[in-house]
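Submitted below is the structure of interest, expressed as structure tokens.
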Amino acid sequence: PLYRRTSLEWCCPWSSCCGMGDFRPRTVWLGHPEKREQRYPRNVINNQKYNFFTFLPGVLFNQFKYFFNLYFLLLACSQFVNELRLGALYTYWVPLGFVLIITIVREAVEEIRCFLRDKEVNSQIYSKLSTRGELLFTLKDSAAGVFVTQKTEVICSCFLRTDQLDGETDWKLRLPVACTQRLPTAADLLQIRSYVYAEEPNIDIHNFIGTFTREDGDPPVNESLSIENTLWASTVIASGTVVGVVIYTGKELRSVMNTSNPRHKIGLFDLEVNCLTKILFGALVVVSLVMVALQHFAGRWYLQIFRFLLLFSNIVPISLRVNLDMGKMVFSWMIKNDAKIPGTVVRASTIPEQLGRISYLLTDKTGEWPLCVRSGTVSYYSTCITFYSISQNLSFCQWGLVSQGVTSRAPAATKVRKTISSRVHEAVKAIALVHNVTPVYEANGVTDQAEAEQHYEDTCRVYQASSPDEVSLVQWTESVGLTLVGRDQSSMQLRTPSGQILNFTILQIFPFTYESKRMGIIVRDESTGEITFYMKGADVVMAGIVQYNDWLEEECGNMAREGLRVLVVAKKSLTEEQYQDFEARYVQAKLSVHDRSLKVATVIESLEMEMELLCLTGVEDQLQADVRPTLEILRNAGIKVWMLTGDKLETATCTAKNAHLVTRNQDVHVFRPVTTRSEAHLELNAFRRKHDCALVISGDSLEVCLKFYEYEFMELACQCPAVVCCRCAPTQKAQIVRLLQECTGKLTCAVGDGGNDVSMIQEADCGVGVEGKEGKQASLAADFSVTQFKHLGRLLMVHGRNSYKRSAALSQFVIHRSLCISTMQAVFSSVFYFASVPLYQGFLIIGYSTIYTMFPVFSLVLDKDVKSEVAMLYPELYKDLLKGRPLSFKTFLIWSFSLSLLSELFLFK
């Protein structure tokens, strides 16, 4: 059959999150969504902050919940009282209305853009099985119980890319329900009477509990379902077609439950300006009381206080809000139109100043730090030659490798050449066999398994595996002539350059685990009947398994210093009797109820002795362009970089070193796995004794530390030059961001490219999304969106720095100008015996304070103290901004009083 016949637990992508509700287990009848026992949420994505009814109240509330805007609202409302009116109503309402209109229009534009992006995603077309065949429907119309068709690859299993969900770059193997594979066609799924019982929705993306029941069988079939039978939302199926039944939708999706609601972010700069306005208001009250006191509190003095408050209201200038909002729009326009960072999008135009004061940058490695291109190196040692680079030192002849430096002039040389050729032959064959890679064949976008496998078309072949490192090694063997052309659960086929197909039967596979740090496979060569046990693993483990040699340690050190992840490859030949004895003991150990894992490991270890060392392999992550220089710029700017990723500990550590997040002269402290409070206490004490040391910690250990020693752990982590958190869940990423904000009080910036980064991006003071190949979830939820990681340097060093410095100068200049006006008003009132008489009214206020003086003051948004090239060359200039010196109480006092005093002295003169 051309279609995968399966009833996998399947989830359609994304949805809105409007409260988690009361979740319950459910029974879903296959192909009959109308039989549902409870009401399920709609399957729509919604990144909007408001809806049609809450937009205007929400925008107004967010504006007036801060003192600055509330002050002007009360000021304008006071003019409806005749005793307090100082002029025409438009004198106060027109400037306030102008500010509100700008804000409402800006928010409306951003909401409309967000709505259109959500609509595009919700309108994606899918196909579903029905009695009338396959029908098309949109994402938002999916419901629990519907059979949805998605692309995948081979019969009996499929691989998933889950980096958008959990941050792990390794592909995951997923299996179908066994009994559904015996159906003739996919349409027969609608004819059987069956249902899936699934657990209640929860945030755990690594586990699932359910059962599949078919009632019309004889006898009835009841199979258990686990994580291996699920396709979560936000995961990507590589190719082909898979049929799955929808179980969870809307807010019950794992990806949505691990994502927080979008929030309205207020920049630290705006909060500081809001604080300054409170100080100015206090000065306004003092001045008003002084003016009334000089009148000896005569008559209705309390009304005079209010009139003086209105008269000197320019001390808190409404034009400040106008200028700052217009400045933010200009800054956003400059970012979007910078030719050196093309494709950059500003989705939160209210916080460009945040980019100029980032102290902690938290980034996810997936997708955009390393490019998914691997380069492989194989080292093989003999008495004559060490092979470091295949391209330079080796040539390939009849799928045996021989040295270019060895000639065949003498019989002795010929004998040496044959010996080397046979040993390298074995090394390459071992690399081509010991893996979990599956070749997949496609033609014209449609999987044609029978025809493609029959001809083994190289142009149609795609390798799939749970690790990209595995794929890189198999691609290397293909480049030197030995090609993996076929594989299923019990056999493997290799092709030589001459076209000969070598068939191997897979007898046993021992997968890689974190504890063992190695994997093995036992195969039988069909042509000779030989049984061989191949193994590869980390050098620290394999050194005690292979036969004694004097070059392994040296070569491993050389490759490690080059930044390669090293694996040692070895083999052991087995007789038929040896294998039968091993198989009997292995089967017996797997049937054990007590201590099964220990017994199985003991049996496998009985084979892992005196193995023949064949070669070493090294794999390196090829980083995206300019990642290392960008991280160097960020470090020199005083920004501490934390890497929060879902990858394995070894992969995350190697990536951090390769990207120079951890410098060569820095020690790396790998936090031991801890499960109890006492273990966490001991490990924290051990870490406390380290100095200038980068920290690497797993998500499980991090959870234990934050549970019992939250403050102590954050205090130690903040002192580290770099922190790497691996196997992090999306909620953990957001929790780390929140704790950094609470413990340090510094601004944080979160960078990510996947759906698993959305919570972190929304929680951070400034979220930056990188548009990756696997989706735009992070980009759509972020405040700023870039196309490459390297653009982050210019975004912060140039645009962030300029936005903050210009806004700081603009705000203080506007305050200075308003103090000059208020001082002249005070002098004018004193001439009329301290009467509350306005100096000018109506359009004079609007014209002078808001329009006439706006253009020379607003020109500060174009001010530039250094060229952008200089700002990139000397990132230390950015470090000066982290202390907030451009806008502080000191500079505020200098601008507000010193310059105002000089202006008034000139006025009196």
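The backbone N, Cα and C atoms fix where each Cβ goes, glycine too.
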Of the ranges 625-645, 814-834, which one does TrEMBL list as transmembrane segment?
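Of the candidate stretches, TrEMBL labels 814-834 as transmembrane segment.
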Other than its own, how many Cβ atoms are within 10 Å of the Cβ belonging to G646 (ATP binding site)?
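Result for G646 (ATP binding site): 30 neighbouring Cβ atoms inside 10 Å.
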If you draw a 10 Å sphere around the Cβ of F512 (ATP binding site), how many other Cβ atoms fall inside it, taking every protein chain shown into account?
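Its Cβ shell of radius 10 Å holds 19 other Cβ atoms.
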Just how many other Cβ atoms lie inside 10 Å of the Cβ on D364 (ATP binding site)?
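The Cβ of D364 (ATP binding site) has 28 Cβ neighbours within 10 Å.
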On average, what pLDDT score does this prediction assign to the domain 'P-type ATPase C-terminal' (780-897)?
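Averaged over the domain 'P-type ATPase C-terminal' (780-897), per-residue pLDDT gives 78.
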Highest Cβ count within 10 Å among the binding-site residues D753, D757: which residue is it?
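It comes out as D757.
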Which of these binding-site residues is closest to D753 (Mg(2+) binding site) if you go by CA atoms: D364, R565, G646?
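Closest recorded candidate to D753 (Mg(2+) binding site) by Cα: D364.
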State the Cα to Cα distance, in Å, between G646 (ATP binding site) and D757 (Mg(2+) binding site), rounded to an integer.
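Distance between the two Cα atoms comes out at 10 Å.
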Which binding-site residues from the set D364, F512, R565 come within 10 angstroms of D757 (Mg(2+) binding site), judged by C-alpha positions?
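For D757 (Mg(2+) binding site), the binding-site residues whose Cα atoms are within 10 Å come to D364.
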